[in-house]
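In what follows, a single structure is set out as structure tokens and then discussed.
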């Protein structure tokens, strides 16, 4: 797949549009919609023969939670127009309907019921009209969910949606690229059995005798769970095709062009386990001329050591993100360290970066920096939830919280009380913990004796400057400038309890050094929590990725400078959206079956990535 070329991009010259105008939300519809009041049990619907729009129009049911912009961008990328659902009749009149559910089960059902959409949706699906549910859009079809429940669902598919079992050592949420096993004639999934697609969820539906006729594919994560269902023209998938690169785009195209599927038998490949992820990170800030640039720190110092002392400029954020997507990065992470960080909702250039990036980058996007409560210069107070919502509407799939999470953890450890008011708790409650990453910025502090400190310490492989055999990791805030009385171990345990779904584990001492990840630190934290841990800081060679996956329980590894400086020209990770059966064929190399523990996350320097397109579609 070739991503559409990125044009020259200057943030300061792009007109600004409010995201609310671009992403209609059912949450903000008045009770009186389409001129009539709707009550779920008092209104009977019939499906109209007339379709809404022509063959190029897709009806989108956006109930107002999470990043639906990515689905919009994927639909438009494939050449289709979008009609938003404003009232129940829009559902019934749809030619084809996509329901990209994101967030909590109960919140979604509440919106559907309050707006009269639930009954219309059931009528549409029971009439065998073309339907594609995504993630929560699949779960809502089942009878009920255990998420904050039990909560009653639409009841179209037998079964209960339950939480993954983390007691068997599997980390929850299930985040990353996993393989599908095709169970039956799946239509839109033909030819992709065993291919990796992107999942991010804590709850799943399980196969049973009652729903076996619905199941079109399964996935293994501890147990086999339902990855997709199909009955006639009705499809739903637990994964995110809009975030699954070329494979995901082919699935969407097959649904949108229904006449193209159903003639081929699935190509079966051996399903693989969850792949390790390689994430490209872009530190974004304004330079001294006010232009947004990608920079890179040396132990968090982003200025050149020259007479001019300029901000280190490694390229433009949108163009670099697009390049890393083409090169095979599993995810792209933006860290917003601009001078606008004290006023997140006024940071329109960064929002525009997300909007433009998400138009052509179809893997998960994370953004961090400035996500906290604040009061602007006019005295208006914004909650961290409002700030995060703006980022989600602009194209982010996950938000990363730093300093604010440290303060919340300190308060929680001091009082033992979850107030529900911290940014971490607010955002995870509305959008789910899979949407919240906590970024930890620790600094190594050597000690001679474990009795000298109250925080969790480890025996280090390399002794300290004075022969110290132990070290603890002191957490910092404000970009590493201020140390706090809490260790990385204690912080990680606390934020997991407060609702974090993932930990981005940095290390100030290793940042920009290119000597490898801090294995002692990563092993300490990844062994302590049951949520995924992303290893960060220090990657300087291919072997560093293999080492961190071999020596620790990290679920992903993130790097910046090694990619910006083109020390690794192509990223070929175990989960990459160009992967085939969790494997990679590289010219001049033997065939590597990934992900093996010793090889997971491997990169190949200077060798081209060979992708297999999802035949018969080309991009």
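Yeah, the Cβs are placed from backbone N, Cα and C, and that goes for glycine too.
Since we're looking at a predicted model, the values are computed, not measured.
Annotated in TrEMBL:
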- 60-255: domain 'Glutamine amidotransferase' (DOMAIN)
- 135: active site, for GATase activity (ACT_SITE)
- 135: L-glutamine binding site (BINDING)
- 240: active site, for GATase activity (ACT_SITE)
- 242: active site, for GATase activity (ACT_SITE)
- 283: active site (ACT_SITE)
- 370, 506: substrate binding site (BINDING)
- 441: active site (ACT_SITE)
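Ranked by CA distance from residue 242 (active site, for GATase activity), the recorded positions 135, 283, 370, 506 have 135 at the top as the closest. With respect to residue 240 (active site, for GATase activity), the closest of these recorded positions in Cα terms is 135, chosen from 135, 283, 370, 441, 506. The number of other CB atoms found within 10 A of the CB of residue 441 (active site), across every protein chain shown, is 28. When pLDDT is averaged over the domain 'Glutamine amidotransferase' (60-255), the result is 93. In this structure the C-alpha atoms belonging to residue 506 (substrate binding site) and residue 441 (active site) are separated by 5 Å.
Sequence-distant neighbours of residue 135 (active site, for GATase activity) (same chain, 6+ apart, CB under 8 A from its CB) are 100, 101, 102, 200, 201, 237, 238, 239, 240.
Counting other Cβ atoms within 10 Å of each Cβ, the lowest count among the active-site residues 242, 283 belongs to 283.
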